[in-house]
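These notes concern the structure reproduced below.
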Ligand SMILES: O=C(CO)[C@H](O)[C@H](O)COP(=O)(O)O
Ligand SMILES: [Fe+2]
């Protein structure tokens, strides 16, 4: 499957997480933003909530860890039931060791880059990862405007993935909506996180279907989309 749509529960009602997860059944993954009020200026949820959420939904959990000391915490989110764990390059002391540990524990390993962090220094790490996340807003809050100056970085990352012949996924997160998803897909993204565009819609499941259809119109013709 080329296109994946991952609703972000950051924009959901935290008092009704199980229902909100069910409202987007049909989505590929449920994106869970973990913030520690240090790596980003906001605080969300931790391991016990992820454990409960994993029991409450059949949709696999895509954890986005915006926390310091990712090396210590990321493995605990695999144990909590995450199917994919994304740590920030800026927060991991030993990203290769951490990616290997996440994979060894049975989850997909992914690395995120803040807007000011380039992909080039991480080229040699790509084979250790299942996904790269290019942030298209400054991490910390939902509902921010999409940074279109990130499009060249998405394109460059897709080129590096192709150059190395890898099957990995390329996720974008932040301001992804009907107005921006096609540009992300054209640049080479295939996994789309959408918070406010899904949970702000009258019918979240329908918003997921519409975003998927929009992205698929672009990826259907893309050479890189045929490789997975
Ligand atoms: O990681 C995030 C913020 O740091 C969120 O996943 C992201 O902002 C989703 O919200 P929206 O689609 O409304 O921008
Ligand atoms: Fe996120």
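Any Cβ shown, glycine's included, is placed from N, Cα and C.
Automatic, uncurated: that is what TrEMBL annotation is.
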Listed in TrEMBL for the divalent metal cation site shared with 31, 33, 64, one of 148, 173: 173
Among 140, 142, 175, 196, the binding-site residues whose C-beta sits under 6 Å from ligand 2: none
Candidates 31, 33, 64 (binding-site residues) with Cα within 10 Å of residue 140 (substrate binding site): 33
Conformational class of residue 31 (divalent metal cation binding site) under the three-state DSSP mapping: strand
